[in-house]
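Swiss-Prot annotations:
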{"type": "ACT_SITE", "residues": "225", "note": "active site, acyl-ester intermediate"}
{"type": "ACT_SITE", "residues": "352", "note": "active site, charge relay system"}
{"type": "ACT_SITE", "residues": "495", "note": "active site, charge relay system"}
{"type": "DISULFID", "residues": "91-118", "note": "disulfide bond"}
{"type": "DISULFID", "residues": "279-290", "note": "disulfide bond"}
{"type": "DISULFID", "residues": "427-580", "note": "disulfide bond"}
{"type": "CARBOHYD", "residues": "133", "note": "N-linked glycosylation site"}
{"type": "CARBOHYD", "residues": "184", "note": "N-linked glycosylation site"}
{"type": "CARBOHYD", "residues": "283", "note": "N-linked glycosylation site"}
{"type": "CARBOHYD", "residues": "368", "note": "N-linked glycosylation site"}
{"type": "CARBOHYD", "residues": "512", "note": "N-linked glycosylation site"}
{"type": "CARBOHYD", "residues": "592", "note": "N-linked glycosylation site"}
{"type": "SIGNAL", "residues": "1-23", "note": "signal peptide"}
């Protein structure tokens, strides 16, 4: 043996021993799933600790080539150890360039390379020793069904997993035309494949999460906006019901007006997209073949042009009522009690509409106070309620106008915020909560009835039942504006900006939240995790209940809900009840009646309505005058 070889021997031996010891010291980083082994990574958290993250685990075969627009197939097994140390590609989607470089926009844009090979999920696990039977919380991102990615910083699951000792899971799913383009009767483009992506990820959780220390019988799905609507859609869909235990819906429900379309409207939009990209010939098969051969960006560039009108809070390719995933329309299923019987926690933010006003409503901008003229207000109402006829628009204007001060720019601005938020988020969610609570009460009164009575279908293909003996509803209003928010003050507590508190970002000192905001975030994480564990946000891990004021159940009669902010908890009754009566009851009836009248009668009713509004305004002014101090005799 050469002298140089002898000198190298200790180095080689030391290297071997180091790697061998390191591998033996970190068995928690490698998990054997049903599909194959995955290797994760340690991520730091405050308190000088860490979580173990498995990032970018494939759950489906890539939906590329001929698989575009089709339901994804489950991932095939692999032999080698899969490196799950970085987030995967983001799914192809629209990228918002309205305010380039502005953090309030960029935080929602994809932060990974976009690809159609994007069906991956992530798992965050509390540190060793390896846990067992931990509660699992599965996040579904929002983004109007046209955008979103599980890799966004605001969805980082490490803080929630570490603080509450739960297993956090998130998944990518296809969005836009890739996830929701639909042609009735076509197996090549059946629609709702983005929802089926989510379901496939939930099936992966059922089959594999116990390898990571999670309990497959204790899975709560939660999401925001379109993600919350998706959560609600799984609550409705019979084949999804066995795959989770409870549900949390943040600022979204399946019955909201932007969340679904009919098959006829879906076909119209698909055909329109084909024309826009040059696929104008042949039958359905040829149309889909042509669309499959287009570069993804070509489809994205034309996506917004398929909408039937210029509007606010409407999106091009969304879930379709197909008779399969949805046996009926969400409204019909909710009204008949045809949904999973379990516990739900849901709520809204104070200013749900303000974000969407920046995308087309005249006079609105992030760079000024957006004081809105009466003319711009009336034009914005038309965009905000695109399905309404003139009589319906007049009803909305009447409800939201302060007739003592109708030209006040601030009041017009805030009224538009309320119109968009009430119609698209708050009032559909209130209706969902009331219907759910009503059927929960009926079911409690008829607990001796056979399973499935009153439409409470827990059973799916496996007959799995959540194990809780009762349903319950908990409702919140999030009304804290973060101290470091980049958006202007007039936008208030914006749609989507409770998420950072749910995921614990205020625990990260470098992000410059206040101490009070860190406490609020810890409180919200505790509520969410308590609910996921027990079905009650008040019940802690050890079975104790918080000594402070408790979060009451929501009932259809009292409609109790809590405010979530940095102040001590307060309980309120009724969530914008008067305004929601317009959207949930009066306006649908009004449009149903007036849509069938001829133009002459319609014009007469419009003029009569305007006259009534004028008389109401005149009476208000007269009453105001009458209350003033009268002139004294000279």
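For all residues, glycine too, the Cβ spot is worked out from N, Cα and C.
Model, not experiment: these values are computed from the prediction.
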Have a look at the disulfide-bonded residues (91, 290, 580) and report the one with the fewest Cβ neighbours inside 10 Å.
290
Can you tell me whether DSSP puts residue 91 (disulfide bond) in helix, strand or coil?
strand
Indicate whether residue 290 (disulfide bond) is helix, strand or coil by DSSP.
helix
Between the Cα atoms of residue 592 (N-linked glycosylation site) and residue 495 (active site, charge relay system), find the distance and write it as a whole number of Å.
30
With DSSP assignments reduced to helix, strand and coil, which class does residue 592 (N-linked glycosylation site) get?
helix
Write down the Cα-Cα distance for residue 352 (active site, charge relay system) and residue 368 (N-linked glycosylation site), rounded and given in Å.
19
What is the nearest of the recorded positions 133, 279, 283, 290, 427 to residue 91 (disulfide bond), using the Cα of each?
290
Tell me, if you would, which residue among 118, 427 (disulfide-bonded residues) has the fewest other CB atoms within 10 Å in the structure shown?
427
In sequence order, what residues of the same chain, 6+ apart, have a Cβ less than 8 Å from the Cβ of residue 283 (N-linked glycosylation site)?
none
Going by DSSP, give the three-state secondary structure for residue 225 (active site, acyl-ester intermediate).
coil
Nearest of the recorded positions to residue 118 (disulfide bond) by CA-CA distance, picking from 133, 290, 512?
290
Taking 184, 225, 368 as the recorded positions to compare, which has the smallest set of other Cβ atoms within 10 Å?
368
Of the active-site residues 225, 352, 495, which one has its Cα closest to the Cα of residue 580 (disulfide bond)?
352
Is residue 133 (N-linked glycosylation site) helix, strand or coil when read with DSSP?
coil
Around the Cβ of residue 495 (active site, charge relay system), how many other Cβ atoms lie within 10 Å? Please give the count over every shown protein chain.
27
Name the one residue among 225, 352, 495 whose Cα is closest in three-dimensional space to that of residue 512 (N-linked glycosylation site); these are the active-site residues.
495
